[in-house]
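Pulled from TrEMBL:
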type     : residues    : note
REPEAT   : A:379-412   : repeat 'TPR'
REPEAT   : A:413-446   : repeat 'TPR'
REPEAT   : A:758-791   : repeat 'TPR'
COMPBIAS : A:940-971   : compositional bias 'Basic and acidic residues'
REGION   : A:940-1132  : region 'Disordered'
COMPBIAS : A:993-1009  : compositional bias 'Basic residues'
COMPBIAS : A:1015-1033 : compositional bias 'Acidic residues'
COMPBIAS : A:1094-1107 : compositional bias 'Polar residues'
COMPBIAS : A:1112-1132 : compositional bias 'Basic and acidic residues'
Amino acid sequence: MASVYIPVQNSEEEVRVALDQLPRDASDILDILKAEQAPLDLWLIIAREYFKQGKIDQFRQILEEGSSPEIDDYYADVRYERIAILNALGAYYSYLGKIETKQREKEEHFILATQYYNKASRIDMHEPSTWVGKDHELAYFCIVGFTAETCQLLLAKGEVEQASAAFKIVIDGDHDNVPALLGQLLRAEYLYMDKVKIQHHILVQACVEFNRGRYSESLELYKVGCMAIFFAIEKSAVRLGIGLCRYKLGQFEKAQQAFERVLHAKNVEALVALAIMDLRTNEATGIRKGMVKMQRAFEIYPYCAMALNYLANHFFFTGQHFLVEQLTETALAVTNHGPTKSHSYYNLARSYHSKGDYDKAGVYYMASVKEVNKPHEFVFPYYGLGQVQIKLGDFKSALSNFEKVLEVYPDNCETLKALGHIYVQLGQTDKGQDFIRRATKIDPRDAQAFLELGELLILSDTGAALDAFKTARTLFKKGGQEVPIELLNNVGVLQFERGEFELAQQTFKEALGDGIWISFINEENKSSIDAATSTLQFKDRQLFHDLESNGHRVEVPWDKVTVLFNLARLLEQLNESGTASILYRLILFKYPDYIDACLRLAAIAKARNNILLSIELVSCNLLALVNDALKVNDKCPNALSMLGELELKNDDWVKAKETLRAASDATDGKDSYATLSLGNWNYFAAVRNEKRNPKLEATHLEKAKELYTRVLIQHSSNLYAANGAAVVLAEKGHFDVSKDIFTQVQEAASGSVFVQMPDVWINLAHVYFAQGNFALAVKMYQNCLRKFYYNTDSQILLYLARTHYEAEQWQDCIKTLLRAIHLAPSNYTLRFDAGVAMQKFSASTLQKAKRTADEVRATVAELQNAVRVFSQLSAASNLHIHGFDEKKIDTHVGYCNHLLSAAKVHLEAAEREEQQVRQRQELARQVALAEEARRKAEEQRKFQMERRKQEDELKRVQQQEEHFKRVKEQWKSSTHSKRRERSDDEEGGTGEKKKRKSGKKRKKDKHSKSRYDTEEPETDMMDEQEMEDEEADVNYREEPQTLMNDDGEENAQGLLAAAGLEDSDADEDMAAPSSSVARRRQALSESDDDEPLQRQSSPVRENSADMQESDGEIREVDKTNGDDASDEEKQY
Amino acid sequence: MKLGGIKSVENAHDDSVWAVTWVPATANRPPLLLTGSLDETVRLWRSDDLLLDRTNTGHCLGVASVAAHPLGSLAASSSLDSFVRVFDVDSNATVATLEAPPSEVWQMRFDPKGAILAVAGGGSASVKLWDTSTWELVTTLSIPRPEGPKPTDKSGSKKFVLSVAWSPDGKRLACGSMDGTISVFDVPRAKFLHHLEGHFMAVRSLVYSPYDPRLLFTASDDGNVHMYDAEGKALVGTMSGHASWVLCVDVSPDGAAIATGSSDRSVRLWDLSMRASVQTMSNHTDQVWGVAFRPPGGSDARGGRLASVSDDKSISLYDYS
C-alpha cells in the first residue's frame, strides 16, 4: 500500500502515513502537517487521496488549510506548491459549479473557483501552472459542456484563441505536434505532479483542438489523456470528448460506443449525442428513437439547451410553432454558449419565417448569425437571413449572406439559384446566369432552375432561353406538376419570336386551357359569333354582352390575359386579324384599361387602311380608338406616340409634333420611340422644306441628327436611330459612312421576326444608286421588294424603274413601270413616267448608229404607245379625278404636247432613217453589181410594199385613235415633202456614201452629248412629279407655287428637248458635206465646245434630283418604320 | 373538298401572267384556258395538258384582263393602253376594238346571258357596258360622288374602279374600287343602288355566288376576303389568312368553295360552310394574279378544274373535288 512520509522537523525521522488509512478526521493529519511543517506537495498528495476516497470534506479542509494566509506567510517562498493547491481548489469548485443546477449556487461555485485561480495567479504571474489552471478549467468545461451551459469563463467570451495562446506558453512546444506532446508525457510519467499537469495540458489542448475543428488531433490527445486519467468525473468528460471527436471524424460506431460508456452516469450530454446520432440516420425509425432519447434527456435534465433545440427543431417540422417558441426561449435562457444560442435563435427565426413574419424572422436570424463565429459552424441562419433579406428587398446583404452559404456548400442548388436571382435583381445578369447555369448543371432535374435560367437568357440568347424553358416544361410534366402559365407564355413568345408560329400557337393554347376564347379561336363560323361585323367595328363589344345575356359566362382569369394578348398578337402575325381583333376586344371587355390591346386594335385598323386614299376614314376610325387609350391613361407614351404618328399620316404636322413632344415628355425623354419619332419629324420637315429654305433645312437636319444621336446614346443598339442617323449623313453627302451604317443595321436586323427593317435595304439601295452603282442598287431594291413586300410596293418599283432609267436599261425600266401601274392603277404619275421612259427609249434607239428597220419600227410603236399614254393622261387629267390640281393637269397637257411634237420629229427621223437604209442598200447594189441593180430595186420596192402593208395593219389596230391618226397623216405628208427635198440633195451629192456615213457617226456623237439635255428634263420631271405627289399631302397650299415653277421649267425643258432633236437634224445636214478629217476631229470631241457647260452642270443636277427622290422614299419608309417600332413595343 | 395539282407550265408566257379565264366549251371543242400577260400576248391553252393552242398578239403594254363569252365563241382581252380587243376564239379574227376615252380599262366580264360586256373604267369612276351584238356603248354606270364639301387631300372623292362582277341572274352588277368600297348597280334600270363597306384597301377582284344572287365575295389588298349580302348591304363574314394582298377570287361552280390568289404567292381554297381556309397551294414563286374555276359543261368535263396564273410566268392547273 502506498504511503507518504512526513519528515519530522529537526530530526531525521519521518512519520509514515499510509494513504489508505488516512484518519477520518482531517484535523489530525493537518495537525501533523502543520506541526512538522511538511512540504506543501505532501499536503496536496494527501488531499488528493481524500478526494480519491470520496472524502470531499477532508479534501477541502486540507486544501483550504493549505491555502490559508498563515501558510502563505510561512511558505512564502514555496510558490509552485501553493499555486498547485489553489489550482486544485479552483478545479474542485469548478466541478461543483458544473454539477450544480441552480444558477445562483452554480455562480457562487464559479466565483469561488475563479477566486482561487486568481489567487494562484497573483502568487506568480508567470508561473505556468496558473495558466494551466485556467486552461484546465476551460478545457474541462469545453469537454464536458460542449453543449455548454457553463462556459462563462473564457469560451463564452470568445477567447478560444487566447486560451490556445496561453496554453502554448505552458507546453512550450509545437502544439500541432501530437507525438511531441506524447513524448513529453512519457518523460514526465513518473512524476505524479507532472503527470497531473501534463494530463491537464493534454486535455486542454484536446479541447482547444476540438474547438478549432482539428478533430483527429483532438482525438489523439483525448486518448492520451484518457490513459492518464485522474479524476473520475474527468474520465466521463474525456470519453465524451472522444465520442465527439469520433463523431466529428465520422467514426459513428466508435462514437456511439464512447457515448454509451458514459451513458450509465445518466449523462445528459451523452444521451443528447446519441440522440443526434440516431437523428442523423435520417430514417423514420432512427428519428423516432432519437426523439425518444431527446425526450429522456429533457426529462433527466430539462435545461439542456442542445436537447431543447433539437426538440424545437422537431416541433418545427411537425408544425407546432408554439412549442418551438417555448422550447427555444427556454434554451436561450439556460445557455450562454454561442453556437447553441445561435441554433436556438435560428429555430425561432425559422418559425417566424414560416409564419411570414419576415421582420421578426430577420431579427432572430441576425441574432443567430451574430452568435456564429464562422459560417462553417452553422450556416443555416445565413441562408434564412438571406431569404428574408430578399423578401425585404435588401439584395446586397442577402448577397453576402448567400455567398457565405455558398462557401460552405459550393454545390447547393438553392443557394446558387438564390444568388443568381439576386445578381439579376442587382442588374448583373451575366453573373446571375452563371450561377443559375451552375445550379442546372448540378441538378438537371430542377425545373425551377431551368425556368429561371430561361428567364435570364431571354434578353441575351433566345435560343438557349427557349431550350431552358422547354426543359423546364418537360421536367414539370414529368414531375406530374402543373406547368406554370408564365412558363408556357414565355415558351410561346420565344417560339413566336423565332418564327415557329404553329408551335407558338399550340403553346399559347395550352397555356390558356379551356375558356370562352376557345369558341372564338376555333369556331369562327359559329353563328352566335358574328366575326364579320366585329371586324368592322373595332369598338364594338356588343358581341360579348350578347354572349353574356345568352347565358354564356365571359370570363378571363387575370393570369391568362397576357397569354391571350400574345395569342392575339400571334394570330395577327398569321394574318388572322379577325380573330385577333375579337380576342383583343375580349380583353378590353373584361379589362378596359389594357391599353396595349386597344393600341393593337388601332394598329390592325391602321394596317387595313395602309395605302388607302381615304385618310378621313383613318382618322375617324383610329383617332377615336387611340383617344380611347388616352382616356385610360393620359400619360401613356405609347398611345401618344401612335396618335402622333396618325396625325402625321393625317398631315397634321404641327399637332403631330406636339403630340410626339408630349409622348417624349411623358417619359422624361427616356422613351426612345418618341424621341425617334421626333427625329423623323424633323427629318421630314427638313426634306419637305428643301426647296424653300435651305437654312431651315439645315436646322431641321441638325435637330434630327441630334435626336437620333440622343437615342443612340441611350440605347446604343437602336437600329432605327442608327438608320435615321445614317439617313441624315446620306442627306449631307457622306455616302460611304452612311453605307457602312446601313450595312451594319441591315445585318443586325436580319435576326428576329419582330425587327422588320425594309427601310434600311431601301436606303442602302439609294446610296448605291447615288453612287452610280446601279446593278447593286437594282439587286437591293428587288431583294427588298421580295423579302418584305411580296412584290407589292409600287413605290419601290418606281425606284427600281428609276435605277433602270439611269442605267439606260429602257425595256427593264418600262416593264418595271408597267408592273407598278398594274399594282397601283390609280397612280397616274406612274403612267407619266412610263410615257417618259418609252419616249426616252425611242429617242435612244433613234440615236443609235446602226439600227434595223425592225428596231425603228419597235421604236415607232413605243412612241405611239408613249403618245397614247400621254394623251390618255391628259384626257384623264381633265376629269380631275385624282386630286391633282388644275394647274398641274395643264402642265401635264402642255408637256404632253411638247412630247408629242418631239415624237413627231422622232418619227420623221425614223422614217428618214428607214429610207436612208433603203437607199444605202440601193446604192451599194448599184456600185457593186450594176446589172443586178434593177432587180434589186424591184426587190426593194417589194420590200417597201411589205412595209406599207405592215404599217397598214398597225394602223388598223389603232384605227380608233383618230387624233393620232390625224397626226400621223400630217407627219406622212410632211415627210413626203421632206423626203423629196432630201432626195434632191442626195442626188446633188452622188456617191457620197462615205460622207453620209461619217455624218451618221457624227450624229451619234452629237446625240450622245445631247442625251444629257433630253434626259435632264425628263429626270427632273419624274422627280418633280414624285416630289409633288409627296408634297401634295404635305402641304397643299404651297403647291401652286411649285407648279408655277414647274410650268416654267417643264415648258422650257420640253422645248429644249425638242430643240435638241431639231439640232441633231441640223447637224446632220451640215455634216453631210464634211470630210472624214472633220469627222475625226469631231470624234475627238473638239466640237463639244458649245456644250461643256451643260455637260458639267448636268451631273450636279442629276445628283440633286437623286437626293430628292431618296428623301421622298426615306420619308415614306420611315413611317412604316414607326409602325414596326410600335409593333415591337407592344409585343409583350 | 380539296385541290390536287395536275400540271404546271413554267414560262408559259415570256413575262408575268396577269389574267386568266376559262372559255366555255362549244359544240366542237372542249373548254380552253385563256391567259393574258405583261408580254403583250394572249394565249389559249388546251385543258389538262396545258398545250399551247395559239398566241394572240397585237396588244401594247401588258394584257391586264381577259374575259370569255358564256357561249364560248367570243373572248375579250384588254391591256394597259386601255384598248379592248374582242375576238373570235377559234379563228382569232378581231370582232371589235373597243375604247371609251378617257375611261381606262381594267377588269372585264360578260354578263351571264352574254348580251353585255361590262368593263371596269378605272379613274372614270364608272363601269362601261357594251352591247355584244352591235359593240356599241350601251350605258355608263357611274358611281355617284359623295355629298359634302370637296375634300382637299388626295383621298379624293372618286372611286377608281378596278373590278366588276355580275350577279348570276344578270340583274345586278358590283364593282370594286381602289379605296375598298364596293358599288352595287341595278343593271336593267342602270341605277346605282348602294355601297358595301368594310374594305379600306383596293378590291381587285369580286365574284357573286352562282346560286345565291345576293352573296358576293370580295378580295382586297387588306388581306381579307369578305362575304357580303349585296342586297342587304351587310357584311356576312370575313376570312383572313393571306399574308399579303388578295389579288383574285373565284367561286367554284358548285358554290361550295372559293379559291383565292394572293401576293403571298399562295392559292387558298376556302370551305364556305366552315368559312375557313382548308388548303393552301404554294407552288407559285411570285404573286398569284388570277384564279379561275372551269365552268361546268362540255363533253369531257370530268371534274372540277382550277387554274391559277402568277407573276412567275407560270400557269398551274388543279383538280378540284
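Any Cβ shown, glycine's included, is placed from N, Cα and C.
When pLDDT is averaged over the repeat 'TPR' (A:379-412), the result is 80.
Residues 342, 345-346, 349-350, 353, 358-359, 361-362, 365-366, 368-369, 372, 418-419, 421-423, 425-426, 442 of the same chain, all 6+ positions outside the repeat 'TPR' (A:379-412), place their C-beta atoms under 8 angstroms from a C-beta of that stretch.
With DSSP classes pooled into helix, strand and coil, the tally for the repeat 'TPR' (A:758-791) is 29 helix, 0 strand, 5 coil. Helix, strand and coil counts from DSSP across the repeat 'TPR' (A:413-446) read 27 helix, 0 strand, 7 coil. Helix, strand and coil counts under DSSP for the repeat 'TPR' (A:379-412) come to 27 helix, 0 strand, 7 coil.
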